[in-house]
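Undergrad: Quick one: the structure is below, questions incoming.
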Amino acid sequence: MESDEAAAVSPQATTPSGGTGASGPKKRGRKPKTKEDSQTPSSQQQSDVKMKESGKKTQQSPSVDEKYSQWKGLVPILYDWLANHNLVWPSLSCRWGPQLEQATYKNRQRLYLSEQTDGSVPNTLVIANCEVVKPRVAAAEHISQFNEEARSPFVKKYKTIIHPGEVNRIRELPQNSKIVATHTDSPDVLIWDVETQPNRHAVLGAANSRPDLILTGHQDNAEFALAMCPTEPFVLSGGKDKSVVLWSIQDHITTIGTDSKSSGSIIKQTGEGTDKNESPTVGPRGVYHGHEDTVEDVAFSPTSAQEFCSVGDDSCLILWDARTGTNPVTKVEKAHDADLHCVDWNPHDDNLILTGSADNTVRLFDRRKLTANGVGSPIYKFEGHKAAVLCVQWSPDKSSVFGSSAEDGLLNIWDYDRVSKKSDRAAKSPAGLFFQHAGHRDKVVDFHWNASDPWTIVSVSDDCETTGGGGTLQIWRMSDLIYRPEEEVVAELEKFKSHVMTCASKP
């Protein structure tokens, strides 16, 4: 039974004093820090102190707070809707779950996130209910009136799962988004049926929740690279053992029917307990070798469970086909000039693959233009970030649109179709970039397009550098005047032309 009276995510009652989360750089994230460490000045603060001590009048770029204030002032103009939710503990991943209810002015939907703690309370996988306001419903003057330190009334905790270790990645099964996979600092992938898992109280000393399945096969920690197949119940993972591992969980899911609301659940085993070791295990369907360093991300083809790709710290992009064996089909040796962090396969066009890297760029590859030995350049390089790119994802709403988030605190929205369109005006922004979400004040570690609600995105930032800890979750939708065809927008604005002109003529 869902309840809107449930406690909001990250209740203050279970957090340490000061509400700080974690620190110390971790690959694409970080480890929680001690309370003493939370008092250490951030790099921005240290830089400001050095500037004051030097006494030099050097022209500085706007500070994080100044940029944020500028952005917040533009929220009523740029956004159709925005909800800001303070996280006392940071979350390294965020994902949309199934839509629960549709109403006149808003929809209710599951949201998956996590709490990465310092050990004073357990690490958790959080299942929340989110109220998603429908387009053109929220008043412009209201969406920018939020307190950065407050929890959003649109996000309510529904259930807590005590996770064995911190949650680095969450991925939902497309055929049944009530089933999710998680990565932690271990070789295993954990599978959870979030609807049947009991709600737990996260207090120090509480036993871990018991995963419904454990996928084994890695020989070293597999921390981030994780994907679930859009066509079949297959799971893909990559890790420090330089391998890509494929599993099928078909035999462990009961299929009740074709209705998405009752599409199946994890087959339950007899016996009770919360010990992870009591959970049933599933061995790999295949183990694939070809990387020379840690595999950082993986993605399935949108049309086949047998085809997938991976990227890693060896700067390689590798395409695989399980039907041809365990060796790479195509290996792009120098896909970027640094470590690759993320990859996504276009769900509308299975020839297009996006990659993001520590070289601050996003690159677009067309697999038809790659030879078997990896010879072939990206068809475009998107340059708009000033720090390492952490996440890329194609939009479910338009085949040429995608998002990228980075350590510079920005979430950029791009349209590849706009790259080729020439403009008489001098380019003031990178080619293809048409929207920049600047609502986060620190690295944006993950985001997810909402397939049930067009142009709606959830994003999370890890705020250790700017606020000393914790994180920020934002749910937002840009104004449709930004992405709709120009002729449609002009026609709509013409209706208000006389009113605008009248207002402009007044003293």
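Glycine is treated like the rest: Cβ placed from N, Cα and C.
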Undergrad: Could you tell me which of the ranges 132-147, 308-323 is annotated in Swiss-Prot as motif 'DWD box'?
TA: 308-323
Undergrad: Sort the residues of the motif 'DWD box' (308-323) into helix, strand and coil with DSSP and give the three counts.
TA: 2 helix, 10 strand, 4 coil
Undergrad: In the same chain, which residue numbers or ranges, 6 or more beyond the ends of the repeat 'WD 6' (384-424), come under 8 angstroms Cβ to Cβ?
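TA: For the repeat 'WD 6' (384-424), the sequence-distant neighbours (Cβ-Cβ under 8 Å, at least 6 residues beyond its ends) are 28, 64, 338, 341-349, 354-362, 364, 430-438, 440-449, 451, 454-455, 457, 459, 461, 478, 483.
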Undergrad: Within the same chain, where does the repeat 'WD 4' (290-330) have neighbours whose Cβ lies under 8 angstroms from its own Cβ atoms, ignoring anything closer than 6 residues to its ends? I mean 6 or more beyond.
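TA: Tertiary neighbours of the repeat 'WD 4' (290-330) are 27-28, 222, 224-232, 234, 236-240, 242-244, 246, 336-348, 350, 353, 355, 357, 365, 367, 370-374.
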Undergrad: May I have the DSSP-based helix, strand and coil counts for the residues of the repeat 'WD 3' (217-257)?
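TA: Across the repeat 'WD 3' (217-257), the residues distribute as 3 helix, 16 strand, 22 coil.
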Undergrad: Could you give the mean pLDDT over the repeat 'WD 2' (162-202), rounded to a whole number?
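TA: That stretch averages a pLDDT of 97.
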